[in-house]
Every structure is written in structure tokens, then in C-alpha cells.
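Following: one structure in C-alpha cells, then a few remarks.
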């Protein structure tokens, strides 16, 4: 990318650029950046959904081992943020204790940061989105491309090229919209989920009967619409989350094995 951007310099004089130079430079920038967008490998994104205790995390471990995905657990990212004692930590902790959903902009920011820092292009996003608000917030984000745009704009500015506002808006339309390639939904009976959560003894602040009841109510009220939304788009694969770990994974394996994009 930077080699092609360097070729802009002959179009720009050392003095204030003329209208012609500005126009040529704007066109050249557009051509350069849209070419990079077209050739850049897009991430393969899988949402992994299901109620608390449905076995999502365990199955994600199997998918990572078999197909080489990067596993991003929304819950783990939030708990890590709490442990770091960041500006969001206290708010996240109180929200989780109440069985509520952490504000979308916080969770999306944590997920986006992890995606941007990873060399992997295949992501399992576990336990997110948990609501329509989450879904909409995620689909508006950009991953590495947004960082590339910011850096490239700075480079172009250094060469005294001026990009018109309309061109900038058009570029952003190209970049936005991070929809998942597929959605796994682990369907598990409520009694089984409660039994699993109360017996796992992982020391989580939300692994107690009172919080569990709240989480299940929130899941039914807010997560089901997300599942319905992606079902209508043909992206949901429903997995029966009852049985041994290996039995459940035998339902999961063919889904990923058949995806040409991740072989």
C-alpha cells in the first residue's frame, strides 16, 4: 500500500497544490485505496450464541483446535477488563452482577481491539451479540481497514493532498458493515444450563442461582431476536447442546468442514 501511495508525490508541487493537482491527487488516492480494499483478505466471522451453560466455550475450544480459529469470548474480555481495573472495570462488574448486558460500545470496543491486534483472519466471537443493540453496534464497526484508512489519510495529508468530504464518506461506506459469515446457536434446555453453571465452580461472579435466573430471562428477551434476525438471512446453524462434548462437536464439525473459505 505505502509503495503505491508514494507514487502520489510527483502530482504535488512543493507549493500550495493547484485545483488540478488536488483533483488528480484525490482520484489517485481513491484508486489506490479502493484497490487495496478489494484485494484485502476479509475476516471470516462466526458468532457463537446460546444461553449460559449451553457449552459454547467448550465447543469453541474444539473448533480452535480443529480449524485454527481465534476465539474471542465476550465474557472473558469483560472479566479481563474488570481485573485490569480500567475506567470501565467497575461499571462492567456491577452490570454483570445484576445480570444485565454491558453497554454495546464497551463490548464492541474490546472485541474490535482484539481483532485488530490479531494476525488470524478467522474469528469465533463467543457470547456476542446478546441483543439487537449489540448486533447493530458490531455491524457498524471496521476492523483493520479502519486503522489502515486513518494511517493512509495521514500519509496523504503529509503530501499536501486534500480529499473531498464526499470521497471520504464514500470510502467509509465501503469499509463499514462487519456481518458474520455464520452463526452457531447452541440450543440447550434451561434445567440443563442451570445444572451446568452451578456445578462448574469456576469462581465467576455471575455463577449463582439468583444471577443465573436473571441471565436466562435476559437471554430469552434479548438474544432470541438476534437469532431470529440471522435465521431469516440463512446464517444460523442450530446445534442440540445435549450429550457429550464429542457428540455435540460431531454436529459442529461438518459446518466448518464444508466452508471453502476456511479450509
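Glycine too: its Cβ is placed from the backbone N, Cα and C atoms.
Keep in mind that TrEMBL annotations are predicted by a computer and have not been checked by a curator.
If you look up TrEMBL, you'll see 53, 54, 55, 56, 57, 58, 200, 243 marked as ATP binding site. Its Cβ taken as reference, residue 54 (ATP binding site) is surrounded by 26 other Cβ atoms within 10 Å in the chains shown.
Annotation source TrEMBL lists ribonucleoside 5'-phosphate binding site at 79, 100, 101, 102, 127, 128, 129, 130, 204, 215. Using a 10 Å radius centred on the Cβ of residue 101 (ribonucleoside 5'-phosphate binding site) and all shown protein chains, the other Cβ atoms total 20.
A sphere of 10 angstroms centred on the C-beta of residue 134 (CMP binding site) encloses 24 other C-beta atoms. What TrEMBL lists as CMP binding site is 134.
Taking the Cα atom of each, residue 129 (ribonucleoside 5'-phosphate binding site) and residue 58 (ATP binding site) are about 18 angstrom apart. Cβ crowding, taken as the number of other Cβ atoms within 10 Å, peaks at 129 among the binding-site residues 53, 55, 129, 243. Between the CA atoms of residue 58 (ATP binding site) and residue 101 (ribonucleoside 5'-phosphate binding site) there is a gap of 22 Å. Cα to Cα, residue 200 (ATP binding site) and residue 79 (ribonucleoside 5'-phosphate binding site) are separated by 17 Å. The number of other Cβ atoms within 10 Å of the Cβ belonging to residue 56 (ATP binding site), over all protein chains shown, comes to 24. Here the binding-site residues are 57, 127, and the one ringed by the most other CB atoms within 10 angstroms is 127.
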